[in-house]
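Asks: Can you read through this structure? Questions will come right after.
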Amino acid sequence: QVKWKGKDLFDLVCRTLGLRETWFFGLQYTIKDTVAWLKMDKKVLDHDVPTEEPKTFHFLAKFYPENAEEELVQEITQHLFFLQVKKQILDEKIFCPPEASVLLASYAVQAKYGDYDPNVHKRGFLAQEELLPKRVINLYQMTPEMWEERITAWYAEHRGRARDEAEMEYLKIAQDLEMYGVNYFAIRNKKGTELLLGVDALGLHIYDPDNRLTPKISFPWNEIRNISYSDKEFTIKPLDKKIDVFKFNSSKLRVNKLILQLCIGNHDLFMRRRKADSLEVQQMKAQAREEKARKQMERQCLAREKQMREEAERTRDELERRLMQLKEEATMANEALMRSEETADLLAEKAQITEEEAKLLAQKAAEAEQEMQRIKATAIRTEEEKRLMEQKVLEAEMLALKMAEESERRAKEADQLKQDLQEARESERRAKQKLLEITSKSSYTQSMNSSTTALPTDLPSYNLISESLSFDFKDTDMKRLSMEIEKEKVEYMERSKHLQEQLNELKTEIEALKLKERETALDILHNENSSRGNSKHNTIKKVS
């Protein structure tokens, strides 16, 4: 609407997204190469927005939490921060070391694809995904397949994490990166030296222009008494009056306004974190806990159902395998039975032939005996006839003897064939009995298979006057919080030993493939900080 104020447009976006943690976000636009944020109490069209149509605003996180896990309650808030931080890392607006980039990429894959399944997530499934900063890819002599292999190895370890859990793990790692949540501004000190001012959830930090990782000086919010600007000069007054006031100049008045906005907003959130939660936040946290418990129960039910289904499928597969085995045994038994029947028929035929041969031989032996008797009865008078007859008698006797031996051999062979026939018929009887047993087992297995595989189906307002503005912090509030904050910083600096070991292991593994000549200035600075054992939080503590 033409008369809408910034709050009307902002509220519309928040309602559309279902977002209640609105204090982190804002509508950003660009004017004359300078970033600006829509003011809630000013008409949208009264802002110095570009004249072209349509007018573009970016809904972004304006302020960042100190501890994402404790402060971000709604799942939609976590998701929006995840998307923004991931884009900043990929666009290299936040420096991220290579080994941490791989770990973050694995959580991004878990958030998108769910649990790793080697049958679904085959080699090359990440080929079209943008997961690593181009600086990291160019720094090593590694192919896309080698990067995918290392990302997938960690991705497989995240099994069981839901999307919101994977995104929160991503933010918990990213929030310890040195450039996370820092807004940088080019400034000059009283001597005219070019510096960078960084504004984030922890305080104000002064950097060398070439080193955005390690601040030279830091002013934590609890140690700042007053922040003000007049025209282009900006003043930071520490809580300790013995410390000199820090003054610097920015390039534009518009930039000073933006710096003060970010200081006020971050300081307000800094104080809010150290007070009891409002009723609205308490209500959101209670709802979030209930929702988380409900989702956890749903996941457990799904996990149990999945486990039961997998067990039933394994049982079905085992029964099918057993059924196939029984079918094979039945087929083999049938073949053995057929061979036994064929053998029995052949033996029976051979026995019959042998028996007939034995009868013929016996008949011939009888005929030879009769011939011999007849010859003996015949009287041969002459000596020659007698000699011839004796020779014939001798030959007849030898023939009769041979015929008797052959008859006896044939009789034994017939007996042996009868015995073989009997054994073949006994083998046939055993094969039939085994086939009957296998058939009864097969029918029982099929009935068990049909009953087992049936699965259950239920399964504040600040005014600008004469181009100057001042913002005071209460001394009592700050002093009261000093000890508490120091304790929180120490706790917050403690890292997971297992995670650090994993990162160091990957760093060592890919170090041999690094192209030293392609290292950027930030890579070199990060390596120097790491070798000294410096982290984001202990560095800020040292320079405060």
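Cβ atoms are placed via backbone N, Cα and C, with glycine included.
So TrEMBL lists the following for this protein:
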| type | residues | note |
| --- | --- | --- |
| DOMAIN | 1-274 | domain 'FERM' |
| REGION | 410-429 | region 'Disordered' |
| COILED | 482-523 | coiled coil |
| REGION | 524-544 | region 'Disordered' |
| COMPBIAS | 534-544 | compositional bias 'Basic residues' |
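Please go over these features one by one and say how buried each is and what sits next to it.
Replies: Secondary structure of the region 'Disordered' (410-429), assigned with DSSP and counted as helix (H, G, I), strand (E, B) and coil, comes to 20 helix, 0 strand, 0 coil.
For the coiled coil (482-523), the model's average pLDDT works out to 70.
Within the same chain, residues 95, 97, 176-178, 180, 202-203, 205, 211, 213-220, 223, 489, 492-493, 495 sit at least 6 positions outside the region 'Disordered' (524-544) and bring their C-beta atoms closer than 8 Å to a C-beta of that stretch.
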Asks: Should anything in the same chain at least six residues away from the region 'Disordered' (410-429) have a Cβ under 8 Å from its Cβ atoms, list it; otherwise answer none.
Replies: 337, 340-341, 343-344, 347-348, 350-351, 354-355, 357-358, 361
Asks: In the compositional bias 'Basic residues' (534-544), how many residues does DSSP call helix, how many strand, and how many coil?
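Replies: Output for the compositional bias 'Basic residues' (534-544) reads 8 helix, 0 strand, 3 coil.
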